[in-house]
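Taken from Swiss-Prot, the feature Fe cation binding site covers His132, Asp134, His200. Annotation source Swiss-Prot lists 2-oxoglutarate binding site at Tyr146, Arg212. Taken from Swiss-Prot, the feature domain 'Fe2OG dioxygenase' applies to 114-221, supported by sequence analysis.
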Amino acid sequence: MPDHIYSHSFAQFLRNADNSVVNINPYPYVAFEDVFDDTFLRECLKELKSYLTAHFKETDLFKVFQTTDLANLEDCIRDAHTNVPNLIRLREHLYSPGFRGFVSTVTGTGPLDGAVDCSCNIYTSGCHLLCHDDVIGTRKISYIIYLSDPDCDWLAVDGGQLELYASDRRTVPTHTPVVSILPSWNSMVMFEVSPGRSFHAVREVSAEMKTRVSISGWFHTKERHIKRNQRETSTLDQLHSMIPATHAEWAVLHVNRVLSPSYSLVQDLTKWINPEYLRSESVKRVRQVFEADGSVQLFNFLLPHIAEPIKRKLNREDCRNSRHRCMYDHGYGDSWVVQGPPHVQRYLSYQPLECTLANKRSNSGELLKKLMCDLFESSSFQNWVRAVTGSVCDLAHSEVRRFRPGFDYTLAHAGTKRCSSEIDVTLCLTSGPNPAEWLSGDLGGFKCFIPIGSKSDRADVYEEIGEEQNMRSVTPSFNCLSLVKVNTGIGDFVKYVSTSAKSSRWDIVCRYST
């Protein structure tokens, strides 16, 4: 195998390679440093910056800039062999029989196919890739070559680490990663793609002046007789059979079938709700909007003397936790329980076993729990929902949630697809020092409702969300109640909350089956 593109030390290793360098925990992977000749790799980076166009892509799973597949360099770049000769050489060496044989030897896998499957991924500040296992089609080995700035060391505080997750006996990833690898210049990571094992993520890049650049791709197995169900199993499809995401139990609510709020109903709600939303004219107007659009947002929903103490309490909680924001377990405790698994979701749910007087006085979760129980789970509120939506509500799932910056999200997948119509009622209590920052969407934390498609084993199974998909998005805003009609076949997600957010997304969510 030609070795003139490699560093001297790596070229020597290539000639005597074995699998002794493989780490086995949490699953087989190998990490190399000083892989390529420094001058050669700098030329690759220069060509990449000069001739390749990176397109912004964002879904529930990731936020990244990505170039075209490097297999298509000759089709995308005029005079490619003249303008990007080093990128072409790199691609040809990576998928040459010699290097594929080296990968097979080091990883202990069987023969690998020569099909080129790689691209350049660019992570600027705020970009991320959430937990998944890469299982699509015939992928066998995943690899990443890092081309971040060669003249500026990458530090842990910059984010962008490749994170590897362990799995339990049910092939479900643990809540937090066990291995973290910095995207250092001229390093390379490889790991075997394995269903229910090779869970990994790219932590959000938090450095404003650094860019995480990598060439990543897959080596595919040569075996053409893989069982059909194994070959077509993607991370998205596996969510049908995985251990379900954790959440609170559903509760039966006994709803009086009234067409509009009665006097006693209104009296019960005047202690909590802005009186504007209790007037008969307003109820009719809200219902008209809801029936026409399928959703409505009601701002300043709670009375000021209810909302303001909540805001102060939640802001203090975010400030109190700010010193530990880099730690995955920050915010745990006081009956706040992490909900997972992380290839489906990660957020904190308030689930008290019992409430002591101390908890009532000091715990922000208990404050929200009381609001949920006294207002949202009351028959008066349920009948108000009936009046403003025109829907009879029979079942409800209610929950107090916290989505922490830099950690938390939910993903859209088959498990969130509704089998029957529902009314999603969410009181968002997100504030922070500058609430307007949430409006752009750059901080994440918004809630989306989208159609959930059928199974697929395509490499782009996590498709970009386009306007043609009739996506409905609700931006986080303090003291805002949103009501959304969720039809059969629709799923939802809460977009990952960026580390740049100054506060968590706090909410109380209720789902009514209609």
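Placed from the backbone N, Cα and C atoms, the Cβ positions cover glycine too.
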Exercise. Go through His132, Arg212, the listed binding-site residues, and name the one with the sparsest Cβ surroundings, counting other Cβ atoms within 10 Å.
Key: His132
Quiz prompt | Number of other Cβ atoms within 10 Å of the Cβ of Asp134 (Fe cation binding site) across all protein chains | solution = 19
Quiz prompt | Composition by DSSP (helix, strand, coil) of residues within the domain 'Fe2OG dioxygenase' (114-221) | solution = 3 helix, 47 strand, 58 coil
Quiz item: Taking the domain 'Fe2OG dioxygenase' (114-221) alone, what is its mean pLDDT?
Solution: 96
